[in-house]
Amino acid sequence: TETNNFTDSYMSGDEEKSNSAKINNEINGNWITVPAGTVQEARLKAKAKRRLRKNSSRDSGRGDSLSDNGDTVRFGPPPTSPKGKVLDRRSRQGKGRGLPKKGGAGGKGVWGTPGQVYEDEQQVDVRDPNYDEDQENCVYETVVLPLDEDAFVRTVTPIVKEYFEHGDAYEVAELLSELNLGTMRSDVPLLAVSLAMEAKASHRELTSRLLSHLCGRVLTHSEVEAAFHKLLQELPDLVLDTPTAPRLVGQFIARAVADHILPTNFVEGYKGRVDCGHTRAALDRAAVLLKMRRETGLRIDNLWGLGGGQRPVNQLIKEVNLLLKEYVLSGDVAEAECCLRELEVPHFHHQFVYEAIVMVLESSGDTTLRMILKLLKPLYDSSVITVDQMRRGYERVYMDIADINIDVPCAYSLLEYFVDQSFSSGVIDKNLRDLCPCR
């Protein structure tokens, strides 16, 4: 800056000397006399202003100004740009209101103004160099790869086990329809039957209903028939895990024929062609059941029975009484516990406790009392009968003791004695014992 000032001063030296004697300037059409020093200062300020305007695009963010003596004064923050520039988005020409360009729709990574919604169908530009006329009629679909054997077992096994809990065949059909089973489609009945043979009777009934529901929706009749053919071939391996597999497979075959998902001549097609003893036993079981269905009207559709709470209450009460009578005769606690579990009615165990106490009150002698206590104690300790079910059974007897006393005159005294023995054995607590009514 000093060099430029010196050069400018040197170049204009002659002009200053020629005008030193006569300094008259015309300002606004009037002639006035101006001292020489004032002209020199005005020229210096004008040159400094021209330099500022010339470099305004580069130094606009520096806040340059002029002092009284014509020197350039800079204030404000130093430039932060790598090239010495300040990143200021304001117009450098003093135009505009300081708003973003294009209403905020411009700039890198911006797809239109805020809130703008684009239509799903975009117009195809035929003048686009990447335009391909053959792609106009293309249909794009999601391709799901078929499941292999390992992926099939990992995917379908949880579906079948969950079905055993909720029993909704429509949900299973919907889940299977979303899978690309491929060549593993005929293995669905095979996997379901294999899992059901290791489960309860109610689960086998659910499996038979599931196969009947899937046939015609997810599976074809030929795929179901191929699945049972494969099931008979794998019987020697299934017997290792389930010794009763031949009998169970025979029942599944008879049920499938009764549900019309297997042809009626399925069993007869194996006559004279079977060498395996397990396969022969399964086919013989199915043939016997189908023959009884034709001759005696046996209901194969109820072959596995109704599980859990699906059975009528009167039927459950009869089975509980039969279980107690068999236990009193045999004295086998383990067998009685197994039979009680197979009923699959944990919410109905209070009826078992009620019938057991009534049997004690109606019996003569202490034998039945001791055997019932011997049965209730392990069932209570193993939580087969919960605390709530046990308490509810005793409370029901307390409520009906007045009616029981009509048939059993000494029912009050017998009940009080049985309750004391139950408390001594640890079957009930002190609060339940104190609730025992007395005459």
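Backbone N, Cα and C atoms are what each Cβ position is placed from, and that goes for glycine too.
Curation plays no part in TrEMBL annotations; they are all automatic predictions.
Pulled from TrEMBL, these are the features on record:
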REGION    1-22  region 'Disordered'
COMPBIAS  1-10  compositional bias 'Polar residues'
REGION    44-118  region 'Disordered'
COMPBIAS  45-55  compositional bias 'Basic residues'
COMPBIAS  101-112  compositional bias 'Gly residues'
DOMAIN    151-272  domain 'MI'
DOMAIN    315-438  domain 'MI'
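Across all of the domain 'MI' (315-438), the predicted model scores a mean pLDDT of 92. In terms of DSSP helix, strand and coil, the domain 'MI' (315-438) has 99 helix, 0 strand, 25 coil.
The domain 'MI' (151-272): residue composition by secondary structure is 90 helix, 2 strand, 30 coil, according to DSSP.
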